[in-house]
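Report on the structure given below.
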Amino acid sequence: MIKLLEARGIHKRFGGLQALTDVSLSINKGEIYGLIGPNGAGKTTFFNVLSGAYTPESGEFVFSGSELPYGEPHKIVQRGIARTFQNIRLFRELTALENVMVGHHTRSTAGLFGILLQRKHVREEERLVTERAFELLRYVGIERFANTVSKNLSYGDQRRLEIARALATEPQLLALDEPAAGMNATETSHLRTLIETIRHDGVTVLLIEHDVKLVMGLCDRVAVLDFGKKIVEDVPAIVQKNAAVIEAYLGGAHA
Amino acid sequence: MEELARIVPYFGTHNPKAARSIVIAIMLLAPIAALGVGPAWVRILDFALLYVMLAVGLNLVVGFAGLLDLGYIAFYAVGAYTWAFLASPHFGVHLPFWVVLPLGAGFAALAGVILGFPVLRLRGDYLAIVTLGFGEIVRIFMNNLNHPINITNGPQGINMLDTLHIFGWDISKRVAITDDFSINPLLFYYYVFLGFVVLSVILVKRMQVSRIGRAWAAIRDDDLAAKAVGINLRNCKLLAFAMGATFGGVAGGLFGAFQGFVSPESFSLMESIIVLAMVVFGGMGNIGGVIVGALILSWLPEVLRSYAVPMQTAVFGHVLLDPEILRMLVYALALIFMMLLRPAGLMPAHSRYSKPELVLGKGGKGAEVQA
C-alpha cells in the first residue's frame with residue numbers, strides 16, 4: 001500500500017473550543033476513505049484544515065511524499081487535492097460548463113498578454129479546456145445542462161456539477177464533504193456509482209458522510225471522529241462493531 | 001460582435017446582421033449628424049465616448065470581479081495628470097502621445113495595484129468606503145501638491161496641454177478642404193476616441209472569455225469556492241484593479257489632450273459615482289449594456305442643459321430649476337426607476353465567459369444559454 005496522504009497530530013482550536021485533538025490518519029492511494037462522526041465531531045474542520053482554509057496549531061500533512069503548505073489553498077489544489085462543500089458552493093452566475101472551466105484554472109497557463117493578443121497557444125488552450133469541461137460534464141452525467149446557469153440546476157445536478165468542477169483541477173485526492181446530504185434514494189445510488197467510477201479511474205476519495213449505509217457499503221476504510229478525536233480507524237465491518245463508535249452514535253446505554 | 005446587434009432591442013435578436021450594420025452606421029455617422037445641429041453636440045459625443053471607456057473599465061472591476069470601486073475616477077485623474085506633466089509647458093516637457101498614453105496607463109495600473117493591496121481582504125461596503133477614500137486622497141493630492149514644490153499647480157490646474165498629434169498631424173486643427181469648407185477637428189477627436197473605445201471593448205471581451213475572466217467571475221460569485229479550485233485571490237484581484245485602472249488611465253490622457261486643461265475639480269467623487277451609475281444603469285457585467293448606459297447618461301444632462309432653460313423661460317417666464325439640479329434629479333429618477341423595473345440594468349448580463357461553440361461548432365445544438 002502506498003500512502004497518499006498522512007495527517008500527523010493535527011490540532012485545531014477555535015478560542016476555547018478544541019475542534020481537533022491530535023488527529024492522525026493515513027489514506028492509501030486508490031482507496032475510498034470514509035470520515036464519519038456525529039454532528040460537531042470535527043469532520044468539516046478537518047477538511048478545512050486539509051484544504052488550507054484554516055491553519056492548524058500543530059501537526060502536519062504529508063501528501064505524496066512531501067509536506068503540504070499551510071494557509072494557501074491554491075497551492076494545495078496545485079499539489080492535487082480538490083474538495084467539495086457541505087453546502088453547495090457553485091459560481092451561481094456562470095453556466096455549468098463555465099463552472100467546470102474555472103476548475104481548470106490551475107492546470108492552464110494562459111497569461112494576460114497571451115490573452116490580450118489572442119496568441120495561438122492561448123486559443124488552442126481555450127479550445128482544449130472547453131472540450132475537457134464538456135467531457136467532465138458528460139462524466140458526471142449533466143452534459144445536457146452545459147449552458148444552463150448553474151443557480152438554476154436541480155439540487156442533485158448542482159452536487160454533480162460541484163464534483164465535476166473539483167475533478168477539473170485534476171486531483172489525486174478528491175475530498176467530498178457530505179455529497180449525499182439532501183439526496184433521495186435514487187440520487188444517492190447514482191452518486192455511489194459515480195464515486196466508484198471516480199476511484200476506478202485512479203482518483204483517491206476521502207468521503208465525509210452522514211449516510212452510514214452509504215459509507216459502510218462504499219468505503220474501503222473508515223475513521224470515526226468524536227469530539228475532535230479519532231476513536232477508531234479500520235475496515236467498515238470492524239468499525240461497525242466497535243463499542244466506542246456505537247457509544248458515540250447512540251449514547252452510553254447501548255454500549 | 002453579437003453584443004453590437006443586441007444593443008438594438010427586439011430587432012437585434014431577430015435579424016442580428018442588419019442590426020449590427022445599423023449600429024455601425026450610427027457609430028460612424030452620429031458625429032456628422034450632430035455637427036448639423038451644432039458643434040457643441042459633437043463635443044458632447046466626444047465626451048460620451050470618454051465616459052464609455054471609463055464605464056467599460058469600471059465594469060471590469062465591478063461587473064466582472066465584483067469589487068465595488070467608488071474611487072475609480074482617481075485613475076482617470078492619474079492618466080490626465082500624466083498627460084499634463086509630460087505634454088505641456090508646465091514642466092516644459094512635450095512627449096508624443098505614443099509615449100505619454102502608455103505611461104499614463106502604466107501609472108494608473110500602478111495606482112490600481114497600490115489601491116488593491118490594502119483592500120485585498122475587504123468586501124462590499126467596507127471595500128466601497130476605502131476606495132471612496134482613495135479617490136478623494138488622489139484628488140486632494142492634486143489640489144495641494146503646489147507647495148512647497150509646485151508639481152500639480154494646485155486648484156488652478158494645468159493649462160495649455162499639448163493636443164493630440166498623430167505622427168505630426170495635429171488633430172485639433174481644422175482641415176480646410178476648399179476655401180469655404182473645412183472639417184471640424186471635433187470630428188477627428190470623435191473617430192480617434194471611437195478607435196480607442198473599439199480597441200478597449202475588444203481587449204475586455206478577450207479577457208472576459210478567458211481563464212482570467214472566469215477567475216474574476218468566480219471570485220465575484222463565491223470567493224471561498226474560488227480559492228478551493230485553486231485561484232490565487234490576491235493576484236486575481238490585483239490584476240482586476242490594475243486592468244480596470246489602465247482603461248481609466250488611457251481615457252484620462254485622452255481627456256487631457258482633448259480638454260487642453262486639467263484641474264482637480266474634474267475628478268470629484270461625483271464623477272466616480274456617475275461612472276458607476278452608468279455601469280449599473282446599463283447592466284453590470286454586460287459590455288453592450290454598459291456602453292448604452294454610458295451613452296444615455298452622458299447625453300441626457302446635456303440635452304437638459306440646452307433645452308431646460310429655454311423651455312422654462314418660455315413656459316414660466318423665468319428659470320425655476322437650474323439645469324444642474326435637473327441633472328441630478330434625472331439621474332436619481334433614472335436609477336430609482338431602473339432599480340424598481342429592471343434591477344439587473346437596462347440590458348441584463350447576457351455576458352458569457354466561455355465559447356461552447358468551440359467544441360459544438362457554430363450554431364451547435366444547445367449552444368444557446370439557458371438562463
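From the backbone N, Cα and C atoms, a Cβ is placed for every residue, glycine too.
Nobody curates TrEMBL annotations by hand; they come from automatic prediction.
Computed from a predicted structure; not experimentally measured.
Look at TrEMBL and you will find B:21-42 (among others) tagged as transmembrane segment.
For B:48-68 (among others), the entry in TrEMBL reads transmembrane segment.
Residues or ranges marked as transmembrane segment in TrEMBL: B:73-91 (among others). Here the transmembrane segment (B:73-91) has long-range neighbours at 54, 57, 97, 99-101, 103-105, 107-108, 111-112, 115, 134-135, 137-139, 142, 151-153, 158-162, 244-246, 248-257, 262, 264, 266-269, 271-272, 275, meaning same-chain residues at least 6 beyond its ends whose C-beta is under 8 angstroms from one of its own.
As annotated by TrEMBL, transmembrane segment applies to B:97-119 (among others).
The transmembrane segment annotation in TrEMBL covers B:126-142 (among others). Listed as Cβ neighbours of the transmembrane segment (B:126-142) (distance under 8 Å, sequence separation of 6 or more from its ends, same chain) are residues 67-74, 77-78, 81, 111, 115, 118-119, 152, 263-264, 267-269, 272.
Annotation source TrEMBL lists transmembrane segment at B:187-204 (among others). Sequence-distant neighbours of the transmembrane segment (B:187-204) (same chain, 6+ residues past either end, Cβ-Cβ under 8 Å): 3, 27, 31-32, 35, 42, 45-46, 49-50, 52-53, 56-57, 59-60, 164, 166, 171-172, 175, 247, 250-251, 254, 258, 287, 291.
Listed as Cβ neighbours of the transmembrane segment (B:238-261) (distance under 8 Å, sequence separation of 6 or more from its ends, same chain) are residues 46, 50, 53-54, 56-58, 60-61, 64-65, 67, 69, 72-84, 87, 97, 100-101, 104-113, 115-117, 120, 157-164, 189, 192-193, 196, 200, 204, 207, 212, 216. Annotation comment: TrEMBL describes B:238-261 (among others) as transmembrane segment.
Within its own chain, the transmembrane segment (B:273-297) is flanked in space by residues 3-4, 6-7, 48, 51-52, 54-56, 58-59, 62-64, 69-70, 72-73, 197, 201, 204-205, 208, 331, 334-335, 338, 344-351, which lie at least six positions past its ends and keep a Cβ under 8 Å from the stretch. Residues or ranges marked as transmembrane segment by TrEMBL: B:273-297 (among others).
Residues or ranges marked as transmembrane segment in TrEMBL: B:327-345 (among others). Below 8 angstroms of C-beta separation, residues 274, 277, 280-284, 286, 289, 293, 297, 300-301, 304-305, 321 of the same chain, each at least six residues beyond the ends of the transmembrane segment (B:327-345), sit close to that stretch.
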